[in-house]
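Chemist: Right, I'll just put the structure down here and ask away after.
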Amino acid sequence: MNLILMGLPGAGKGTQAERIEDTYPIAHISTGDMFRAAMAAGTALGKEAKSFIDKGQLVPDSVTNGIVKERLAESDTDAGYMLDGFPRTIQQAEALETITADLKKPLDAVINIDVAPAKLVDRLSGRFICKTCGATYHKIYNPPKVAGTCDRCGGHEFFQREDDKPATVKNRLKVNIEMNTPLLDFYEKKGLLHTVNGDQDIDKVFAEIKAILAAVAK
């Protein structure tokens, strides 16, 4: 089973990736892990990627695609793989088609965990932190037991990280939507796209994913 897992920030992609990895004998390949492994191993492509990252520059597609091909060529992907964070552009998606064809490991499905952006703003911008001890809360999913009082230290002062403020969250989602939409269209035209309702209980989301994978595996 060869998959791509997609979803906007806050959609629960990380949680579902862990469940898929625990349930199916496939390699979970995240972009970050892939780059770190290549750099740690000191491969030619890993060194090239490091030279760009150290300068604060984007790693060019030629290098990224090469690292992806090296990773997918490893034996732990023979039983299947799940890509997480790649591809990010149509050019990368087209390169991936060539890579998987060369390796005879074609994609079986692209699973997109779909949650309305307004719901994601609530999920992502609801986090706040105790100034005294650093305990983390969420206004909807994990509020303090007593409003305005930290459960851990009894403090009454809280703050919100800049990354968690609604305006920042909305901008991050906008950027991701603009990036993901062409990819979703690309894979829909290929007949590979499966959309899961991410606005429900974690177990129900995973049940939908399992049903898709069972149907694809037939």
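Glycine too: its Cβ is placed from the backbone N, Cα and C atoms.
Here's the feature list from Swiss-Prot:
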BINDING   Gly10, Ala11, Gly12, Lys13, Gly14, Thr15, Arg127, Thr136, Tyr137, Gln200  ATP binding site
REGION    30-59  region 'NMP'
BINDING   Thr31, Arg36, Gln57, Leu58, Val59, Gly85, Phe86, Pro87, Arg88, Gln92, Arg161, Arg172  AMP binding site
REGION    126-164  region 'LID'
BINDING   Cys130, Cys133, Cys150, Cys153  Zn(2+) binding site
Chemist: Apart from Cys130, Cys133, Cys150, Cys153, which residues in this chain have a Cβ no more than 8 Å from the mean position of the Cβ atoms of those residues at the Zn(2+) site?
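Modeler: So the extra residues in range turn out to be Lys131, Thr132, Gly134, Ala135, Asp151, Arg152, Gly154, Gly155.
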Chemist: Might you list, by sequence position, any residue in that chain lying six or more from Gly12 (ATP binding site) with a Cβ less than 8 Å away from its Cβ?
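Modeler: Result: Ile113, Val115, Gly198, Ile202, Val205.
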Chemist: Expressed to the nearest Å, what is the distance separating Arg127 (ATP binding site) and Arg161 (AMP binding site) at their Cα atoms?
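Modeler: Counting only the Cα atoms, the answer is 8 Å.
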Chemist: Helix, strand or coil at Arg127 (ATP binding site), per DSSP?
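Modeler: In the DSSP reduction, Arg127 (ATP binding site) maps to strand.
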Chemist: Would you mind listing the long-range same-chain contacts of the region 'LID' (126-164), meaning Cβ under 8 Å and 6+ residues beyond its ends?
Modeler: 172
Chemist: Name the residue among the binding-site residues Phe86, Tyr137 whose Cβ has the smallest number of other Cβ atoms within 10 Å.
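Modeler: Looking at the binding-site residues Phe86, Tyr137, the Cβ with the fewest others within 10 Å is that of Tyr137.
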Chemist: Of the binding-site residues listed here (Val59, Phe86, Cys150), which is spatially closest to Tyr137 (ATP binding site) when Cα positions are compared?
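Modeler: Smallest Cα separation from Tyr137 (ATP binding site) among Val59, Phe86, Cys150: Cys150.
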